[in-house]
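Notes follow once the structure below has been shown.
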Number of protein chains: 2
Amino acid sequence: MEELNIQASTHAYSIVIGEGIRNQITDYFTNSYSSIWVITDENVAKLYLGDVLETLSDFHAHHTILPAGEQTKSIDYYNQLMTEAIAYGLDRHSLLIALGGGVIGDLAGFVAATYMRGIDYIQMPTTILAHDSSVGGKVAINHPLGKNLIGSFYAPQGVFYDMETLITLNDREIRSGYAELVKEALISDEAIYRSILTTNLQNLPPSITQEHICSGIQIKAQVVEQDEKENGMRQYLNLGHTLGHALEAHLGYGSIAHGEAVAIGLLFALHVSESVFDTTLPFLQLKQWLETNHYPLHSLTGDQQTILAKMKNDKKNKQHRIQMVLLEQVGKPIIKQMTDEDMLSYLSSFKRKLVNK
Amino acid sequence: MEELNIQASTHAYSIVIGEGIRNQITDYFTNSYSSIWVITDENVAKLYLGDVLETLSDFHAHHTILPAGEQTKSIDYYNQLMTEAIAYGLDRHSLLIALGGGVIGDLAGFVAATYMRGIDYIQMPTTILAHDSSVGGKVAINHPLGKNLIGSFYAPQGVFYDMETLITLNDREIRSGYAELVKEALISDEAIYRSILTTNLQNLPPSITQEHICSGIQIKAQVVEQDEKENGMRQYLNLGHTLGHALEAHLGYGSIAHGEAVAIGLLFALHVSESVFDTTLPFLQLKQWLETNHYPLHSLTGDQQTILAKMKNDKKNKQHRIQMVLLEQVGKPIIKQMTDEDMLSYLSSFKRKLVNK
């Protein structure tokens, strides 16, 4: 077991990473609860809900199983969950458990943040990708016009990461999760970046994954402790997301995995950075690694104007100008305000570079 | 002008009370803003929106006019406002102004709390009742199964109370607002309580209203500074609301004014308190004052079981037991957990006492 502690503005909480945690989750409860509500999706329910409910057998426990996928992070499901919470008679002394990936964590977390003005919740991430979203208290749902546009900052009571639940991930989910690990390494730690880039995702020893996840969470935890509300350095975590979010919105949520879109966005950020700072960054090395590991680099379709319009819906923008995270070098992120003209030109040159062998 | 300062957990903010504030609102802005969005209702818009927009003429200002009434505090209007915010291109550096009564303040406040995970907002209350809801950072929308069940704690950047906007209130709105002033006096200050009970609401000098509002806000401010998240003494502000909320839900939101329902709830709280503490409280005096001022005491209809069921949806309850604020004496509130049997019996004896002359 590895344990990290995070100091949020409202309270401190633990992140515990290890094997078999789902079978002993009650050991980590920090309060007594009137009832417990587990929210999960249909894929995770088949595999791990039974274990969790068994551990909760001494409690008054309810559960809700939602469809898997980004479409579930909608105001309709949010409203449905509120109705269920009331129907179950949940009160302010209830605990919500988000058992699943980022979609479940974000949606259930936003329900916890706003049901009766806030109840306790814990995150039990079951994907690699969710190492990122489960830490730091960002919770949200999507609006048809943009991702995560409705949400809050609301820290969990704890994050409990059972490494055993990762063995059932498919290749796409592994790719998607690793993109955020690459991002964390790129903004802060060249050694981890090198370690990841020597890893073949098709043949991944669990111990290595745990090591990479622990590093990623450590980086994320340091950032959000210093800037919980994203007024400064937390924005660095947006590396790769300007294009990533735009691409997801353009292709339709769920038709490309979040991390796959971010991976293309990371490569784009390296491309722009090389030009802005007139420097050489490991663009080709990253492109090669992404290709080896079957990231869908061909997914960057749509004309530049369409992609630009989607980028401008990003909530990090200021006065309709795109704020983009760039790298002066690996481990040294910086935020630059970009003109529309520059963005169009970079998109165009990036597309050309993608098809070059 | 009177000014009070409140220390919320996230930041400090001012409450300014005086005449003509709507014509100088920009003097109170504490940040520079990329754009401003005024949310109001159709009644207030006719009277005061023009003045406010004129004051904002140097800014990039949008406005939205919603239907008046409790039905507007719904997830549908919430969602509609989110869509407008995105369509207007509002970013994290925008300011939202809630111009209106409690419905507008609560709904617009919840939009501000959750649009892009939180933007700045200010409250410009235009009713007496809203002196209560505009202070303390509670924001919410209703769920068909219960009032304010979806919401957050999210402090405004300021509360700017233009006393001139109160002259257009009708009798029902004055009654509704005064019920919360009576409540604040009952939980903390016998002198103010006596002062209010000697006031005839049909003939109300503006200077007296301002005095009562300032006292009410002072009481509320003291309470929420000490217990922002309602873990302790903030619950005292719930005096009269256990039955009040149940009655509103039973009769249908909007068919009885919030404060009218609370007034009946206050009288009920005195009735139960007299019995629980075997003491004499000013029940008859309050009943007489409510009758003189045309509070609809006859509205307590429905059988006891129906009312009890509605009371049990209250988010202050613990493990399905009703938590009721009672008074040991005027100025000395206390929370008691009530059994269902006792509540049914008190409701029954209260109804009998209401019809006695």
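Numbers run from 1 along the shown chain.
A Cβ is built for glycine as well, from the same backbone N, Cα and C atoms used for every other residue.
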- Query: TrEMBL has B:Gly102, B:Val103, B:Ile104, B:Gly105, B:Asp106, B:Thr126, B:Thr127, B:Lys138, B:Thr165, B:Leu166, B:Ile167, B:Thr168 binding NAD(+). Which one of B:Lys147, B:Lys183 is in the same site?
  - Reply: B:Lys147
- Looking at TrEMBL, B:Glu180, B:His258 are annotated for Zn(2+). Which of B:His241, B:His250, B:His271 sits in that same site? B:His241
- Report, in whole Å, the straight Cα-to-Cα distance of B:Thr127 (NAD(+) binding site) from B:His258 (Zn(2+) binding site). 12
- Item | Tertiary neighbours of B:Glu180 (Zn(2+) binding site) (same chain, Cβ under 8 Å, six or more apart) | B:Ile128, B:Leu129, B:His131, B:Asp132, B:Gly216, B:Gly259, B:Val262
- Query: Taking the centroid of the Cβ atoms of B:Glu180, B:His241, B:His258 (Zn(2+) site), which other same-chain residues have Cβ within 8 Å of it?
  - Reply: B:Leu129, B:Asp132, B:Ala179, B:Lys183, B:Gly240, B:Gly244, B:Gly259, B:Ala261, B:Val262, B:Gly265
- Work out, from DSSP, the number of helix, strand and coil residues along the domain '3-dehydroquinate synthase N-terminal' (B:65-175). 44 helix, 34 strand, 33 coil
- If you count the other Cβ atoms within 10 Å of each Cβ, which of the binding-site residues B:Ile104, B:Leu166 comes out on top? B:Ile104
- Message: Give me the long-range Cβ neighbours of B:Thr127 (NAD(+) binding site): same chain, 6+ apart, Cβ under 8 Å, in sequence order.
- Response: B:Gly100, B:Gly101, B:Gly102, B:Leu166, B:Leu169, B:Glu173, B:Ser176, B:Gly177
- Give me the non-local Cβ neighbours of B:Lys147 (NAD(+) binding site): same chain, 6+ apart in sequence, Cβ-Cβ under 8 Å, ordered along the sequence. B:His245, B:Glu248, B:Ala249, B:Tyr253
- If you measure between the CA atoms of B:His241 (Zn(2+) binding site) and B:Asp106 (NAD(+) binding site) and round to the nearest Å, you get 17
